Amino acid sequence: MTASCWTICLFLLGSVTEFIVLASPEVNESQQQHPQNVYHDIGVTRNKIVTAQFECYQKIMKDNSQDRRGPVCNRTWDGWLCWDDTEAGITSEQHCPDYFQDFDPTEMVTKICTESGQWFLHPESNRTWTNFTRCNLHTTEGRRTAMNLFYLALIGHGLSLTSLFISLGIFFHFKSLSCQRITLHKNLFFSFVLNSIITIIWLTAVANNQELVQQNPISCKISQFIHLYIFGCNYFWMLCEGIYLHTLIVVAVFAEKQHLMWYYLLGWGFPLIPATIHAVARSYYYNDNCWISSNTSLLYIIHGPICAAMLVNLFFLLNIVRVLITKLKVTHQAKSSLYMKAVRATLILVPLLGIQYVLLPYKPSGRVSAEIYDYIMHILMHYQGLLVATIFCFFNGEVQAVLRRHWNQYRIQFGSTITQSDALRSASYTASSITEVQGCYSIDGHTEHLNGKNYHDFDNAIIKPENPFA
């Protein structure tokens with residue numbers, strides 16, 4: 001595909017995605033015409049509390065209470081949370097509920113069972129009391145952290161877009177870089193460009209718009225579908241890079257030409273399958289909040305194939321390294337050394353892009369440690385485009401050699417142009433001075449000598465310096 005085709009596709013997809021996300025007039029008009037939508041939050045919270053209360057009373061009735069020994073505080077529902085039987089003198093605790101936006105689920109709620117086997121009574125109200133004060137103790141800090149993470153993501157995708165566009169410009173401009181491996185690089189970069197654009201639109205137009213998320217219109221679900229599809233394309237194009245190198249080095253033994261159609265089907269076509277299955281499943285289960293909620297195992301439909309692709313890719317790359325090391329020991333071929341450099345970049349990149357899935361299940365429960373974890377995960381997730389462009393383009397030896405060669409040519413041309421213009425000015429000044437002298441003294445023979453061959457030789461000697469780098 002030419003650069004103009006890539007540009008047109010990028011413009012159309014970005015415009016369509018932004019239109020899908022932003023063009024939801026039915027939501028805004030319904031909010032203006034129906035004031036009860038303002039209380040949508042209250043309705044959702046009430047439903048959560050009623051559901052939790054129903055489950056608590058079922059649990060209270062089913063649990064066996066015959067094996068109690070000593071004074072025990074009875075199981076109870078305090079209005080928000082369910083508490084099991086607790087021994088006297090013990091402080092029971094559990095995580096804060098997610099009923100309200102300013103509640104931090106990582107913080108803990110406590111309820112004291114006194115030595116007498118009664119739940120603690122608040123001295124002012126003389127009623128049983130549960131300590132929820134820590135749930136919104138760090139609300140301001142949490143909001144500040146959320147905004148920092150939001151801007152960190154935007155900056156990351158902005159830097160990624162800048163570096164990716166520069167890299168694509170280099171690949172398209174310098175025809176000497178054109179080969180099948182660079183074509184795969186272009187598709188990989190283009191998938192990361194689309195991912196950054198759609199993520200920026202998603203963060204600013206959907207995730208940052210709570211009213212839109214609660215209304216759950218079809219437009220934001222479509223944008224989430226596109227987002228997850230492009231997200232999968234990133235990793236399957238990385239798999240294409242690994243398969244290409246494996247076929248080139250291990251299977252086809254340095255054969256340069258391969259059929260790229262299969263790579264296009266794998267990189268752009270296959271991610272449609274898990275994205276479609278996920279969309280159908282979410283439409284039947286967890287069909288809420290624009291499909292943003294992550295408390296569902298349905299996300300394994302997306303993450304499972306991605307993890308499988310990365311494991312297969314890692315296996316291919318390790319096998320390639322094994323083959324290349326063997327070839328280098330036996331033959332010491334320069335070509336094997338060059339391929340080793342190409343493999344090294346991919347081998348470094350695959351773990352860096354996949355480490356987030358290793359860390360994903362291990363989010364710490366503490367507030368500070370969870371905040372550090374969020375910062376690390378945001379850097380790993382939202383700066384991937386910058387990382388890919390840096391390793392595959394800016395650190396690429398071929399790209400550096402081409403840029404260095406063109407820079408030296410530019411310096412030579414620019415330097416020779418300056419030297420030539422200075423020489424022409426000097427020759428013109430010399431010729432005009434001689435002409436003036438000839439006019440004053442009327443020495444015709446000398447004039448003919450200067451305007452003849454000897455003069456042109458002098459001119460050429462001035463224009464063509466011995467040192468071409470001067």
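Including glycine, each Cβ sits where the backbone N, Cα and C put it.
Note that this is a predicted model, so its numbers are computed, not measured.
Relative to the membrane, C82 and Y285 are recorded by Swiss-Prot on the same side. Matching Swiss-Prot disulfide entries to the candidates C56, C96, C113 identifies the partner of C82 as C56.
Partner cysteine of C96, as given in Swiss-Prot, is C135 (from among C73, C113, C135, disulfide bond).
Secondary structure by DSSP for the topological domain 'Cytoplasmic' (173-183): 8 helix, 0 strand, 3 coil. Between the CA atoms of C135 (disulfide bond) and C82 (disulfide bond) there is a gap of 16 Å, rounded to the nearest whole number.
Summarising the environment of C135 (disulfide bond), the number of other Cβ atoms within 10 Å of its Cβ, over all protein chains shown, is 23.
Rounded to a whole number, the C-alpha distance linking N126 (N-linked glycosylation site) with C96 (disulfide bond) is 23 angstrom. The C-beta environment of C56 (disulfide bond), restricted to residues of the same chain at least 6 apart in sequence and closer than 8 Å, consists of W77, L81, C82.
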